[in-house]
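These notes concern the structure reproduced below.
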Amino acid sequence: MFREPLDRGESGVLIPDWTELRHQGPGRSRPPMEKNLPGGTGPVHVPFGHIVANEKWRGSQLAQGMQGKIKLVFEDGLTPVDFYLSSRSCILYVTEADLVAGNGYRKRLVRVRNSGNLQGIVVVEKTRINEQYFPAIQKFTVLDLGMVLLPVANQIEASCLIVQLVQEQSKEPSKNPFLKKKRALLSEPYLLRTVQQIPGVGKVKASLLLQKFPSIHELSNASVQELELVVGQVVAQQIHTFFTQSR
């Protein structure tokens, strides 16, 4: 997999220099690739149907799982982002080791959340080893930051998920949910999966809840009585407890 040189367009967005790539002969040294904008969360131009990946993932099981299914462009200096799905949406990947190590991952999530430039999806490895730490990152990500969290068992499963996310966006780019609002209502497929992580809530109940409360903010502020009308008393109490315990 080669690196594709980037130039900065008039708008300040990083744009691949396809002309330079075509004219580059064997043995000719390439000009260094441009880094992301200051702070690491500026816009990056992502060619349609591609993923721009942080260089640290080159050769990983995660990257290998995506190759052949989607076009990968590796780039240095993308911290805190791991993968750009588009110029406005990205993946922040939290490994099993990251979660066990403590709360260091939080700084990355907060940087993206506060950037105002990106909508981040947080993909987290959830295993037997780090299962006890999962509720903390779930509540921090979903409730405190209002971001999407998607659990995966391993990097192979994560690669399939990321490819699916890119393919979903590629089908209807004009309806890319991440480009609608800064603190957007999370897009239906991702939000549905996030709400399903709440104890007692499966796919059917999550769909019913989202019809009534179309954002995490609205759902977290709903009263037990309001929730009961949708999912019944027992599950309503579970949902209310889940949100209030994290505050």
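Along the chain as shown, residues are numbered 1 onward.
Glycine too: its Cβ is placed from the backbone N, Cα and C atoms.
Per TrEMBL, domain 'Fanconi anemia core complex-associated protein 24 pseudonuclease' is recorded for 44-167.
Taken from TrEMBL, the feature domain 'DisA/LigA helix-hairpin-helix motif' covers 198-246. In terms of DSSP secondary structure, the domain 'DisA/LigA helix-hairpin-helix motif' (198-246) contains 36 helix, 0 strand, 13 coil.
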For the domain 'Fanconi anemia core complex-associated protein 24 pseudonuclease' (44-167), mean pLDDT (0 to 100): 90
